[in-house]
Amino acid sequence: MFRVWFQVAAAVLWLSSGSQGGPARLYTEEDPLVILGGSSLKSTITNSSTAWLVQFYSSWCGHCIQYSSTWKALAQDVRDWQDAVGVAVLDCAQEGNFDICKEFNIKFYPTFKYFRAHSSPSDKGVIYRGADREIQSIRQLIITVLQNHTKLERPQHCPPLEPYSATELLPLLGQMSDHYTAIIVEEPDSFVGREVILDLLQFSGVQVRRALSSDHSLLDTLDISVFPSIYLLHPNGTHTHLHSEKKLRFFFSSLLRTLPGVWRRSSSAATQTGALQDNQTSQPWKDFDRSTVYTADLESALHYMLRVELATHSTLQGEELKIFRDFVTLVSKLYPGGDSVVKLMETLSDWLLSLPLQQIPYQAVLDLVNNKMRISGVFLGAELRWVGCQGSRAGFRGYPCSLWTLFHVLTVQHDATPTSLDNTVLEGEAAPVLQVMRRYIRTFFGCEECGRHFDAAAALSLDQVKNGDQQILWLWNQHNRVNSRLAGALSDDPLFPKAPWPSPALCPSCHEEKNGVHVWNQNHVLGFLRHHYGASNLSPSYSLTPPLLPAALPDPVRTIQPQVEHRGAAEGGAEGNAEEQPEPRPGHPALRGKPEEVLERGGWGVWVLGLGFNSVDMSLCVVLYACSCLFLMLLFFFFKFRSRRWKLRRSHLHV
């Protein structure tokens, strides 16, 4: 009886898990591994140029479910090794996989099988039976198997993992080459050198070789006494020690990847060549510091958003208008850049909030953004000036990079000034910057697929963000997840490859290692993000300066001293003259005695008649005036017609 009950329960559990749809139960296409099936397993592993490590699992197996996060982390950890070994999964609980699992003698779950490169169709793989299934142990097992392969069994693109001797390495000193050569000297039982060799498989411009600490002649020549260490041979023939803050695999790999002239290999050699050629013919290269955020990138992002991306909408109405209002309100309250951009966003925000309309033409917004009214102090540069976000050629980085940067800055600003959104429609939201970002990207961002990805990620975990610290870290984590997913894709800039950020060079204390696996120290990451995206780390270099408008003449009747709203370092972030006072916004009483500021292009007439109204307000006045005239004319003719009828009726009664 118990056996029957158990079979029924197992069947129900299998059916319920199967109703969720294919391999998405534990693994999805978003994971950095290959999902195999009964029809694709043999074709993938047979005569493959790479080796394969396949986990045969069952979606109803409790241990398989718990282990899935470890297997995903392993796949992510060795993602750059894919030219040597691939990581895959196959669900034996799927009906279409019953026969293939039986053919490969899968009896228990999970079962791990290693398939050598160039396997024959009859090869059923080698089962890994080790009790330790943690990431470091399996990673070291992969390295050991790869190193012990014969030349015929070795994957086609797997470099030699054996140590080099002094007689092989010392002749390279002083020789010129077209690439760097990194020599990692380590203890005999260390895996760091071999891990770094495989980490750099996807990169050109550098070769990594390992040597052992037992080679005393090499140690004496290179003057190495600490292990592991990196000795770098430059292409010009010079050579030196490469300093690393920590003697860890992640630090070594990151340092080598960021060397000048080292880039990630793309799927097409033309991409790499085109990047270098186009870089010579495009806009002049701007030297920049990676530890600094440039206001030119933030202003370029706003310029593209307001004048290009949003301008594709002829009108804004309903939900679109509300999302746009929220975005403008957010930027006007939190933007730490120049006063001219802040004044523009404040003016735009005040105008949007004062409109009772549910639909506005976007041309009216463009008129205000382009400052057609010639309002003093309102300015946003009308050209793209990428600095920290410049790419090796057109199409790389640019606007997406600056959009990420803008919202990173806004999250840090909101954390520094949590009361800045008080008395606004965003006051009650737990993570207002992220919520506005989510709504904007979902509604207006030009890459529709990218918008769906971000919205799906936000739907999973954004409701768990409750404070400013979590808001900053959530956006940083999502940005790194996107970088990881797009690393090596066609959109990845070969000269600026996507990698976990911040790099060890920017924040050594952000990186740690636990059980041989890289982990983040989130407390140090939070401190770094607050500094890096803080107002004090913004550089105005390369930013456009506002044009000089006619200076205001002193009012002969009265002199008005408008109150100055000081923007401190945490809020404004820009160093300026403390004696300078910002110009009051349109409609402020101080402007009513200073009409000389708007004498250009007929501005005098607008200010006399409109008393500070913009072109849209004046247009509404004209429309209302015309409607009033038409209404009065209708009343006139109505009463005139009534009076004639009354006269005719009186004349008939008299007769």
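The chain as shown is numbered from 1 upward.
Quick reminder: no glycine exception, Cβ is built from N, Cα and C everywhere.
Automatic, uncurated: that is what TrEMBL annotation is.
Quick look at what TrEMBL lists:
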DOMAIN    392-501  domain 'ERV/ALR sulfhydryl oxidase'
REGION    566-594  region 'Disordered'
SIGNAL    1-21  signal peptide
TRANSMEM  622-641  transmembrane segment
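Below 8 angstroms of C-beta separation, not one residue of the same chain at least six residues beyond the ends of the transmembrane segment (622-641) sits close to that stretch. With helix defined as DSSP H, G or I and strand as E or B, the domain 'ERV/ALR sulfhydryl oxidase' (392-501) counts 66 helix, 0 strand, 44 coil. Summarising model confidence by region, the domain 'ERV/ALR sulfhydryl oxidase' (392-501) averages a pLDDT of 93.
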